[in-house]
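Asker: I'd like to ask you about the structure that follows.
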Amino acid sequence: MRIVGEKSFPSHKKKKSSIKKPSPPYVLWCKEKWNEVKKANPEADFKEMSSLLASKWKTVTDEKKKPYEEKYKAEEDAYLKIIANEKREHDAMKLLEEEHKKKTAMELLEQYLQFKQDVEKDNKKTKKEKDPLKPKRPMSAYFIFSKEHRAALLAENKNILEVEDYCNEARKNIAEERPGTNNSTINALVSLKWKELSEEERQIRNGKAAEAMETYKKELEAYNKKLEAENNQN
């Protein structure tokens with residue numbers, strides 16, 4: 001299955017414009033008059049020069065300021081157009097980048113779902129059906145006793161309510177010893193009965209369980225040999 005690669009996509013974080021803001025009329029005038037004022041005041045430092053230029057600017061008439069104002073206006077218009085174009089370009093590239101990320105995410109999601117579907121199909125193909133001929137594992141001694149005891153209760157025609165009454169006292173003892181215990185009625189009764197068995201009675205069930213296990217092992221060995229022979233023939 002083809003995996004979507006991470007395509008190289010330029011980052012379009014908003015950057016400061018490389019275009020300098022236009023200088024106001026006063027700054028334009030200062031640049032033009034700086035050398036003239038400095039020549040008249042060679043000993044003046046930057047702070048003194050700034051003060052001298054500010055004083056002279058106040059004496060400049062509106063008519064003489066007009067050329068600087070017009071130049072500033074023209075430069076400002078050009079600057080704003082460039083900034084607007086840069087913003088439109090940035091917004092467009094940002095939108096394109098977001099669309100690209102969404103498309104990539106959808107492709108990855110589709111491929112993941114396809115991969116998951118393929119895995120499920122493979123699992124269904126490789127999952128073997130349960131062989132009804134395979135020997136069943138025998139019951140333990142406790143379950144042999146449980147089965148016998150359940151059968152005995154049924155033989156005595158004891159219904160569920162009778163069984164519950166029969167084991168109420170035992171359940172009370174369990175509740176006192178282990179608060180919060182919540183076992184089903186018959187299982188609690190059977191479990192208690194198993195604990196009450198003598199060692200001799202337990203050995204009888206253990207013997208039955210051991211015999212059943214030996215029979216199971218022999219049947220399983222025969223089954224595996226038969227299965228191996230069938231596989232070799234194929």
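All positions are counted from 1 along the displayed chain.
Each Cβ is built from the backbone N, Cα and C atoms, and glycine gets one as well.
No curator has checked TrEMBL annotations; they are predicted automatically.
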Asker: Of the ranges 38-65, 66-93, 94-121, 206-233, which one does TrEMBL list as coiled coil?
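Answerer: From TrEMBL, the annotated coiled coil range turns out to be 206-233.
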Asker: Would you mind giving the whole-number mean pLDDT across the coiled coil (206-233)?
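Answerer: Summing pLDDT over the coiled coil (206-233) and dividing by its length gives 82.
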Asker: When secondary structure is assigned with DSSP, how many helix, strand and coil residues does the domain 'HMG box' (19-87) contain?
Answerer: 55 helix, 0 strand, 14 coil
